[in-house]
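Enquirer: Sharing a structure below in structure tokens format, with a few things to ask.
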Amino acid sequence: MSAKTERTFIAVKPDGVQRGLMGEIIKRFEQKGFRLVAMKFLQVCVLMVDQDAVASEDLLKQHYIDLKDRPFYPGLVKYMSSGPVLAMVWEGLNVVKTGRVMLGETNPADSKPGTIRGDFCIEVGRNIIHGSDSVDSANTEISLWFKPEELVSFKSCAQQWIYE
Ligand code: CDP
Ligand code: MG
């Protein structure tokens, strides 16, 4: 895969969906010049026992596996399954790193205006968007959320006006 076809996994979390920010987020990635490769709208189910998420559906469990021992993990799984999410794959030069810059910091309080989290949210536990943090985790997350046949490759007619 050439550098220009690097891919990242971006998801609008349930709070971003409920707050009507899907279009705004898609717009930012589209206007930047990145290409949409895949998109699906889904709600992940979680088994709840006595208000605790004891067994999340494999997808979410796998997605946040690195955080499973953190104190906020049960709340995170509950939050991520509390409503639909918009899962997407975007493609382009350095899209993983640039995507993270466009998102801002994990804590919206540390995120600069002009970033998605800096512009649209306040608390770390309601930070509206997910973006892969490395090329390796992007590849893992893309294959977790999408089947290979759901990824669409196409040549944008704007390509030569975006890349020299
Ligand atoms: O999403 P990002 O990669 O920026 O951060 P992370 O460290 O991978 O954490 C994943 C998610 O866990 C965050 O986006 C927050 O939704 C949540 N989180 C939280 O609720 N409280 C924290 N102290 C840290 C993260
Ligand atoms: Mg992360």
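Keep in mind that glycine also has a Cβ here, set from the backbone N, Cα and C atoms.
Heads up, TrEMBL stuff is auto-annotated, nobody curated it.
Fair warning: this is a prediction, and the values are worked out from it, not measured in the lab.
Feature table excerpt (TrEMBL):
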DOMAIN    5-153  domain 'Nucleoside diphosphate kinase-like'
BINDING   Lys13, Phe72, Arg100, Thr106, Arg117, Asn127  ATP binding site
ACT_SITE  His130  active site, pros-phosphohistidine intermediate
Enquirer: Within the domain 'Nucleoside diphosphate kinase-like' (5-153), count helix residues (DSSP H, G, I), strand residues (E, B) and coil residues, in that order.
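Expert: Split by secondary structure, the domain 'Nucleoside diphosphate kinase-like' (5-153) comes out as 68 helix, 35 strand, 46 coil.
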Enquirer: Give the subset of the binding-site residues Lys13, Phe72, Arg100, Asn127 lying near ligand 1, defined as CB under 6 A from any of its atoms.
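Expert: List returned for ligand 1: Phe72, Asn127.
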Enquirer: Cβ neighbours within 10 Å, counted over all protein chains: which one of the recorded positions Arg100, Arg117, His130 has the most?
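Expert: Comparing the recorded positions Arg100, Arg117, His130, the most crowded Cβ belongs to Arg117.
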Enquirer: When the number of other CB atoms within 10 A of each residue's CB is tallied over all shown chains, which of the binding-site residues Thr106, Asn127 has the maximum?
Expert: Asn127
Enquirer: Can you tell me how far the Cα of Phe72 (ATP binding site) sits from the Cα of the residue listed as 'active site, pros-phosphohistidine intermediate', in Å?
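Expert: Here the two Cα atoms are 16 Å apart.
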Enquirer: If I restrict to non-local contacts, at least six residues apart, and a C-beta distance under 8 angstroms, what lies near Lys13 (ATP binding site) in its own chain?
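Expert: Lys13 (ATP binding site) has long-range Cβ partners Tyr79, Met80, Val85, Asn127, Ile128, Ile129, His130.
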Enquirer: In this predicted model, what is the average pLDDT of the domain 'Nucleoside diphosphate kinase-like' (5-153)?
Expert: 93
